[in-house]
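The block underneath contains the structure these notes are about, expressed in structure tokens.
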């Protein structure tokens, strides 16, 4: 048992001359809800991409569940229990909600080509169970009954929920949510806070989210890390962050803080 | 913003392998040269002239890919139409079949005519077919381009017949003798026509307003639209430029090979596309370098000592395509770009 | 209202619909079974039996390509490669080729084998003569391996590059086979002369049983038709089952959004390779069968246009639709082998003209590709999926145009 589910040390990502993530140390205690915030272009999504194996950092170390993820193929990282959603929704549009969820069960299902063609009893049972599990997950995220709707025909809010359901189908240990409340109305955002707690408490999933809505961030997270221009400028509990001078400056600008005084 | 170079160790192995292949190629060329320096050099001049043609066609591929990310399969067939149109204009309409100063002037006129015709055809194709599919899934315009390629081939059959049609060249068939090496005049003409065209092209893209708009559109279509660039017109202009170059290449091909055939565009087009890939698709200078390189490689393979010979031309050319695309999809100069997330 | 829409979209769980579907399939099979009894066996007229057999072969090819292009969304322009491997497998294993090869000069090396196994060929004929049913399995295996070999390096590429590289392979292979009559002195492919005659389809020792046609004679297209019909039916069934299973979902996910699929735990390479291998098997089986019906295998049969014809079939029927691929294959093949000539003859008779429509066949295919992409990208028989998507799109549009104020 490691105490930290995720351990990133001195992670640096460089695009040509631009340093997108600059020697960031970052860890996520198992079972916690952590937020990554910062102004646009601070390197948050880039950091997600490093964790999920899309980018290889120019140096640094990332351990997930005690094992390094660097150089591991994205699908293997996903199968080992790291699931994510996307800032700009990336569902499989021409597939139904239920199929979308079942795609993410891929690593956990066993049927091969032959058993699928022959339809062995085992394969049929597996498919039936997968379908039921998808139904259950859709209920869990609050969009029961849309199983056979095509993803691209769902309303925007439901699509965001479907993305979470799909990510949960991977049976993740760590769930990465990239701006999950973007485009939600205040009411939906409020229920989202409870939802994240439900994910953690009922499913035992550790959650890391990128979020702009400060109300959500302060309400949901136990720890917050702030990035600016790729560097970590603050880290701590919501209370710490709220009163941190550098964070206020990063968000409002120097003149803004003066005006606030 | 979100493009990164993968720095996996595999690439080091690959670059090492690349160096090995390069060294072997150089050694091979030296071996070939030393076994027959005269043949080798003569073949080289054919290669340069072929390469100039490939460069002209490759530019059309590369410009279109640069601006709308479409591999325009039909481009090779447009080149074929250029040669057919040129032949009909020069031989059948203006009756020029013999080499004379007057015929050379008319040849220049023919070239302008073929360039204009191909530019118009290419613009028409873009407007009717590709424009509507700009936001469709990527497979759709690609399949459409394959379809257009077949349609153009059949237009070629209509105009030229289904059998190869032999034509006469109005260029002198004599050779210049440089010591023991003979260089056919027509090859010199090809290079002499191509080089100014390429320079003109570079000037248009680099220095003119339209060229700047082209480059802006290639970078970011939406942003260009917001900046007041008429993106439709710029794309149309790009197709016109590419078409004009294909038309010029067609007429030169006609003069060199004294033959027009409806299926000339398919293989030549593929080779030219290989040239574009070699130089990095989207890279104009790269396309020219790639074209010349491939022309030379093909000529050496076909004619120089110790190479495989003509019956293996396609295999050699397309192996280069496959190897390049797999190991260096960004071309010999370029860097591979990763998808945005 | 919402639930009713959901119910309508659940044909698979609805018993009435299931019954209707199965009886539909049964009806199609019965019709397919009866067809050869009602048409002339001649090679003339609007529907010669030979064309019907070819239609079935191309339906099989279209089914295979549909897995690659339709399910997994990978544009393969070199499908001819698998056709080629299948056909040459037949040629190698079912003819006297490996004996008959005459050395061009005495120093030339040559193979001389004589192997017979449940073959229709007389045991006096030398060469390798295996039973058709074994050769089919070998062809499937060879094509699948070829699919893996071609796929492994290329499937990393972006879709448009993939199209070109597969096209490149499709151009290289025929050239290799054309020049394969002298591989270090050995003649492996007989070059442009081709290999033939290829043995007939037989049933091996089953030929001796009563009720089984003694041999499937080369001119007996009827029995051959039933053989290829069997392969088509099997492959259709496999396609549908795969589509609805774990692998099919992964293929579709890759088609929809490759990157998202990999982040959901779908191994891209392996999943794509499966689509290549399964698609290649149909190509290989079809190729092996084709060799036995035309009797000779010649390298000039394997051109880029073959890949395009099969692609046309898939697109006409609707990418991703199994029935569409079959009907597309049948329609295109009939048109290509008989329809065009027949229609042309009728037109010329009627108008007194002398147009040879056959010369322009690829004009039609070109127009099919362009017009379908522009006006009906989902095909004439769209997958149930895209039909519903389109319907829903229209609903959304009408809602959007109605509710301007939102």
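Note that Cβ sites are derived from N, Cα and C of the backbone, with glycine treated the same way.
Predicted automatically and left uncurated, TrEMBL annotations should be read as such.
The annotation transmembrane segment is assigned in TrEMBL to C:20-40 (among others).
If you look up TrEMBL, you'll see C:47-71 (among others) marked as transmembrane segment. Under 8 Å from some Cβ of the transmembrane segment (C:47-71) lie the Cβ atoms of residues 35-36, 39-41, 79, 82-83, 221-222, 224-225, 228-229, 231-232, 235-236, 239, 242-243, 248, 251-252, 255, 275-276, 278-283, 285-286, 289-290, 293, 309-311, 313-314, 317-322, 324-330, 332-334, 337-338, 383, all in the same chain and six or more residues away from its ends.
The transmembrane segment feature in TrEMBL is assigned to C:77-99 (among others). Nonlocal intrachain contacts for the transmembrane segment (C:77-99), taken as residues 6+ away from its ends with a CB within less than 8 angstroms of a stretch CB, comprise 61, 64-65, 68, 111-114, 119, 121, 125-130, 132, 134-135, 138-140, 142-143, 146-147, 150, 163-171, 173-174, 177, 189-190, 195-199, 279-280, 282-292, 296-297, 299, 301-304, 306-308, 310-311.
Look at TrEMBL and you will find C:130-152 (among others) tagged as transmembrane segment.
Within the chain, the transmembrane segment (C:225-242) has long-range Cβ neighbours (under 8 A, six or more residues past its boundaries) at 29, 32-33, 35-36, 49, 52-53, 56-57, 59-60, 63-64, 66-67, 71, 201, 216, 248, 278, 282, 285-286, 289, 322-323, 326. Annotation comment: TrEMBL describes C:225-242 (among others) as transmembrane segment.
According to TrEMBL, the feature transmembrane segment maps to C:273-296 (among others). Long-range contacts of the transmembrane segment (C:273-296) within the same chain, counting only residues at least 6 positions beyond its ends with a Cβ under 8 Å from a Cβ of the stretch, are 50, 53-54, 57-58, 60-61, 63-68, 71-72, 74, 76, 79, 81-91, 94, 132, 135-136, 138-144, 146-148, 150-152, 155, 194-201, 218, 221, 224, 227-228, 231, 235, 238, 242, 247, 251.
Feature annotation from TrEMBL assigns transmembrane segment to C:302-319 (among others).
Feature annotation from TrEMBL assigns transmembrane segment to C:326-345 (among others).
Non-local neighbours of the transmembrane segment (C:357-375) in the same chain are 305, 308-309, 311-312, 315-316, 332, 335-336, 340-341, 343-344, 347; each lies 6+ residues outside the stretch with a CB under 8 Å from one of its CB atoms. Annotation comment: TrEMBL describes C:357-375 (among others) as transmembrane segment.
If one looks beyond the transmembrane segment (C:326-345) by at least 6 residues along the same chain, the residues whose Cβ comes under 8 Å of a Cβ in the stretch are 45-48, 50-51, 54-63, 232, 236, 309-310, 312-318, 355-358, 361, 364-365, 368, 379-381.
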